[in-house]
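First the structure, in the form of structure tokens, and then the observations on it.
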Amino acid sequence: MAADIPEVRTTSWLDDEETKEKIPDAQADVLEKGSLDHGAKKPSVWKRVLVGNASEDNETKRAMQSRHLTMIAIGGTIGTGIFLSAGSAIAVAGPAGALLSYFTVGVFCYGVVISLGEMAAYIPVSGSFATYGSRFFSPALGFTIGCNYWLQCELTAAAVILQYWDSKITAWEWALVIITPIFLMQLIHVRVYGESEYWFAMIKVLMIIVFIFVGLIYDWGGVHGHPGPGLSNFQNGQAFIGGFSAFAQTFVYAFYSYGGVELVSLAAGESASPHKAVPRAVRATFFRIVIFYILTMLTIGLNINWQDPTLLNAASDSSVAASPLTVVFQRAGFGAAVHVVNAVLLTAVLSATNSCFYASSRMLLALARAGQAPRIFGWVNGRGVPVPSLLLSLAVSFVTFLTTIWGEGVVFTWLLNLTGISSLLVWGTIGIISLRFRAAWKAQGRPLADLPYTQPLFPVLPLITIVLAVAMFAAQGYASVVQQPFSARNVVATYIGLAVYIACYIGYWLYELLWLRKTQHMVPLMEVDLDTDAVWAPGEGVRIREEEAAAWEKRDATDVAEGRRARVWVRKVWRVLT
């Protein structure tokens, strides 16, 4: 009976985390409300699915576990770029040029993720860096990177599908086949996103690891009857081709491949234990970059010559046979691998689209809750799903494909450039926000021990992020101007992202000044909000970590007493590695 159900009220999601995980969602909702309304008329199926009890007062659910965030960090960003367009970078700048480009962008991304992880572990919110920009710098900056990131996610989803489409099926039909089921999955619960991304990422990670092993063994002549090229592709002036201009052009392919490194910070807002899960996830960033990007590019460069037509075809040819991964497998004697790569590539498309829908809807939700977007997009239903934001993302995704009247190749090139520049600007801004966060932390006399995760070498990583962002943007601008044959389209595609960024910032600043009558633009350091949505109150960090450590020791002692020493050993190794 309803009267027999006690009313449960918790002061913090951290306090009853384990209890919440054990209670089914429906039962948990009953416990939180404390009563059941048996007389209320049930809404229609469509209303329950699409809207539910949508309200501005509802919050997203902290339902993603540590394993979800870890796998999203490790493999969630392995998109179609590494399977297809990565070969184009080698064809443009040579194997060493492409490798250096991916390494440079990898260092840049590492700085971004570590800087962002420090803030996300302490203040885990769905809006992530847009919220941090508004709090730690100015509302205009938060609005600017929020809008740019939302647009970037929408364009990335379109670019991914355009790149994969088959000549027998139009891009519009591919959009229906891929976007519709992903949208329906997003409507269910955030746990569905976390679980689906976990398995999508697992498949991609296994594929990349197998490819690296097979590719290196083949190159070293380890496959009987299939002699590998050895180091021939890096000799006789073939390592670097096209000079600095060609090298700069490859940045856009690298950004497209790395896109999504910031997903961990967005997902932190719906993580069950962000103060532990986020640090664990961001620590895996270095190994992810080295293994899944640097080694993959090295393997492709060793096995396929930069003049091989399959490299350039991979970015535009709809056949998966053009993928560098497939080419290497076939030359190593694994001809049937084309079917496996095809299945994994479809998984990568679904994963990228899934992540883009999640990221864009959460970013729009955060903007609406901050008063920087229409209030209706701040509505969340009873399952914690921002339905209006998802519906807009769906609409924009479909509208994007109307642009294919100009040709899929033309649209893909534009989307590739726009998403690359947008990523560069947003990620570079995160370095500025990180410096501002630490400045406010120091100004308010907060101890670093109160942060769940402290970035190493501060302020080196944020400064490297900012410097590399400026340098790479200048390099891409230079490459678009000197590229032969000259194309005004390439110049516009490079600089239009910057124009959108500046327009958003100035536009919102003028809105504040003229409409809201706010004369104070930048948030003073002593007024920066470091408490709202924080995982713990000031001074509690050390105590909570000591309690958690004591709980671990007690658990280990219990297992040792019961003869389960192997389990204790595995747990200790896992804690060290993560």
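Even glycines carry a Cβ here, placed using N, Cα and C.
Quick look at what TrEMBL lists:
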- 1-22: region 'Disordered' (REGION)
- 68-518: domain 'Amino acid permease/ SLC12A' (DOMAIN)
- 69-93: transmembrane segment (TRANSMEM)
- 99-117: transmembrane segment (TRANSMEM)
- 129-151: transmembrane segment (TRANSMEM)
- 171-192: transmembrane segment (TRANSMEM)
- 199-218: transmembrane segment (TRANSMEM)
- 238-256: transmembrane segment (TRANSMEM)
- 286-306: transmembrane segment (TRANSMEM)
- 336-359: transmembrane segment (TRANSMEM)
- 385-406: transmembrane segment (TRANSMEM)
- 412-435: transmembrane segment (TRANSMEM)
- 456-479: transmembrane segment (TRANSMEM)
- 491-511: transmembrane segment (TRANSMEM)
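Below 8 A, the CB atoms of the transmembrane segment (199-218) and the transmembrane segment (456-479) form no more than two pairs separated by six or more positions in the chain, fewer than 3 in all. 69-93 is the stretch from 69-93, 171-192, 456-479 with the greatest number of Cβ pairs below 8 Å to the transmembrane segment (286-306).
Two recorded stretches are said to be in contact when at least 3 C-beta pairs lie under 8 angstroms, sequence spacing 6 or more; the transmembrane segment (171-192) and the transmembrane segment (336-359) meet this definition. Residues 73, 86, 89, 93, 128-129, 247, 250-251, 253-255, 257-258, 261-262, 264-265, 278-279, 281-282, 285-286, 289-290, 293-294, 297-298, 301, 427, 430-431, 433-434, 453, 455-456, 461-462, 464-465, 468-469, 472 of the same chain, all 6+ positions outside the transmembrane segment (99-117), place their C-beta atoms under 8 angstroms from a C-beta of that stretch. Two recorded stretches are said to be in contact when at least 3 C-beta pairs lie under 8 angstroms, sequence spacing 6 or more; the transmembrane segment (336-359) and the transmembrane segment (69-93) meet this definition. On the 0 to 100 pLDDT scale, the domain 'Amino acid permease/ SLC12A' (68-518) averages 83 in the predicted structure. Long-range Cβ contacts of the transmembrane segment (238-256) within its own chain (Cβ-Cβ under 8 Å, at least 6 residues beyond either end) map to 79, 81, 85-86, 88-89, 92-98, 100-102, 104-106, 159, 232, 305-306, 315, 416-417, 419-421, 423-424, 472, 475-476, 478-479, 482-483. By number of Cβ pairs under 8 Å, the transmembrane segment (129-151) is matched best by 491-511 from the list 69-93, 456-479, 491-511.
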